[in-house]
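Participant: I have a structure I would like to understand better, so I am pasting it below and will then ask my questions one at a time.
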Amino acid sequence: MQCSAALARLRPKLIPKALLVPTAAMSTAAEPVRKAMPSALTFDHHAKCSTTKARASTLHLPHGSVPLPIFMPVATQGSLKGLTYDQLRETGCMLCLNNTYHLGLKPGQEVLDAVGGAHKFQGWDRNLLTDSGGFQMVSLLKLATVTEEGVRFLSPHDGSPMYDSLPTSASVLHVGNLSQWLTTLRLLTPEHSISLQNSIGSDIIMQLDDVIATTSPDHARIKEAMDRSVRWLDRCIDAHKYPERQNLFCIIQGGLDLELRKQCCEEMVARDTPGIAIGGLSGGEAKEEFCKVVDTCTGLLPENKPRYVMGVGYPEDIVVAVALGADMFDCVWPTRTARFGNAIVDAGTLNLRHQKYATDFSPIDENCDCVCCRPTNQGGLGVTKAYIHHITAKETVGAHLLTQHNVHYMLKLMGSIRQAIMEDRYPAFLRKFFSNIYAGDKTKYPDWAVGALRGVGMDLLED
């Protein structure tokens, strides 16, 4: 009670009056329906699969046009692990991802403001998307506590406070010593997240959302997170300074509860942001459940906006999610798995650390035209499996080469998906894709993929 009283006296000085709303009085729809936001993108729809929900489009952004569907490599801290930006450009990448939470920690907002944004800071002249920091609620759970005002973080570097706002909600008063609590706990608010992203200058910015692991059994907490994400979107919209050059995407939450997802879709669509993301997935849930959520959400979203399913990077997941109507994907997996000696190929993933590759002098992937796989007489490096096997354990060059190959593979895969949609042969593409991975053995096809594709009119087992 003493802590609550002390905080109540501090509230007028530290927290904007608009934020001081009793939790019990809050509803999902915090404000009346708004007018459409200004937009710094145009979305051109080109083709739709006549069988599935797959679609091909182009997203025109301030730093260039992006063909959809697209996979976005993740350069978390302003650098793609294993690649220079010149090498990333060579893959044809037009849109990659930075992390607001990490850039807010280091180099920090003052440095970003001084240099004129992350494009200049990292030497990247194409498009950037920044996530809001919400995912760190799950990935850094021990360093985060959620209140209505925002997310309280400690720095993962030294345990020091990250941000300067103070929480006011009594629900987080679990530290007995008030003075200790006041000096160690800080909030990342929706307003601060947007301010950071405005300083970063990314072409697509994400709302701060309340992220709950999909495996959580706490249905009340999942609903609370969904409702709060809607309220936080309204605060993000109000805080956004540059809608004419940065595109704010909302994020649909609701866990695996399809009714909550439907409710959230309705609320988010009413805010009419330039793009829409489906968040809170790829957190350990069954693939069948993942597909149900994506399929349900895309069925409720407008056709004239890009749809971004966050945190998806396995090729099998992507090709199915495209069939379910999704356009944009990101994940660290293609680059992270490269650092463990794994190459992504049409037949799946090759672990080139395996001894059987010690005397295999064939290219990493004979069907790949990346600079690593191309022979030297065609301007490539002529890298062999045996060479990667030799250097990958102790030399960083092996990880660099595999990262370059894996990113190229993912972007080429997206180009092939797009071409198949444009030519209205996406079902045939899917059959060939799964046949390549499972060597034509349909008994090995994953049930989740077969079921999800049947749900959109495509029988993967049909000849």
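Note that Cβ sites are derived from N, Cα and C of the backbone, with glycine treated the same way.
Given the structure is predicted, the values throughout are model-derived calculations rather than measurements.
So TrEMBL lists these for the protein:
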ACT_SITE  Asp131  active site, proton acceptor
ACT_SITE  Asp330  active site, nucleophile
BINDING   Asp131, Ser132, Gly133, Gly134, Phe135, Asp209, Gln253, Gly280  substrate binding site
BINDING   Cys368, Cys370, Cys373, His405  Zn(2+) binding site
DOMAIN    52-162  domain 'tRNA-guanine(15) transglycosylase-like'
DOMAIN    187-437  domain 'tRNA-guanine(15) transglycosylase-like'
REGION    311-317  region 'RNA binding'
REGION    335-339  region 'RNA binding'
Participant: Would you mind checking how many other C-beta atoms are within 10 angstroms of the C-beta on Asp209 (substrate binding site)?
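Facilitator: I get 31 for this one.
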Participant: Give residue numbers and ranges for long-range contacts of the region 'RNA binding' (311-317): same chain, 6 or more residues beyond its ends, CB-CB under 8 A.
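Facilitator: Same-chain contacts beyond the ends: 71, 135, 279, 281-283, 287, 290, 326, 329-334, 344, 410, 413, 433-434, 437, 446, 449.
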Participant: How about long-range neighbours of the region 'RNA binding' (335-339): same chain, 6 or more residues beyond its ends, C-beta under 8 Å?
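Facilitator: Distal contacts: 73-74, 80-83, 349, 399, 402-403, 405-407.
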Participant: What does the DSSP secondary structure composition of the region 'RNA binding' (335-339) look like, as residue counts for helix, strand and coil?
Facilitator: 4 helix, 0 strand, 1 coil
Participant: Residues near the Zn(2+) site, Cys368, Cys370, Cys373, His405 excluded, by Cβ within 8 Å of the Cβ center?
Facilitator: Pro363, Ile364, Asp365, Asp369, Val371, Cys372, Arg374, Gln404, His408, Tyr409
Participant: Using only C-alpha positions, which one of Asp131, Ser132, Gly133, Gln253, Asp330 is spatially nearest His405 (Zn(2+) binding site)? These are the recorded positions in the record.
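Facilitator: Closest by Cα: Asp330.
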Participant: Tally every other Cβ atom lying within 10 Å of the Cβ atom of Gly280 (substrate binding site).
Facilitator: 32
Participant: Mean pLDDT for the region 'RNA binding' (311-317), as a whole number?
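Facilitator: Within the region 'RNA binding' (311-317), the model's average pLDDT equals 97.
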Participant: Could you tell me how many residues in the region 'RNA binding' (311-317) are helical, how many are strand and how many are coil under DSSP?
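Facilitator: DSSP composition of the region 'RNA binding' (311-317): 3 helix, 0 strand, 4 coil.
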Participant: For Gln253 (substrate binding site), which DSSP three-state class applies?
Facilitator: coil
Participant: Taking the Cβ of Gln253 (substrate binding site) as the reference point, list residues of the same chain whose Cβ is under 8 angstroms away and which are at least six residues distant in sequence.
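Facilitator: Expected: Asp209, Asp210, Val211, Ile212, Ile222, Ala225, Met226, Ser229, Leu260, Arg261, Cys264, Gly279, Gly280.
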Participant: Just to verify a number: CA distance, Ser132 (substrate binding site) to Cys370 (Zn(2+) binding site), in angstrom, no decimals.
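Facilitator: Distance between the two Cα atoms comes out at 32 Å.
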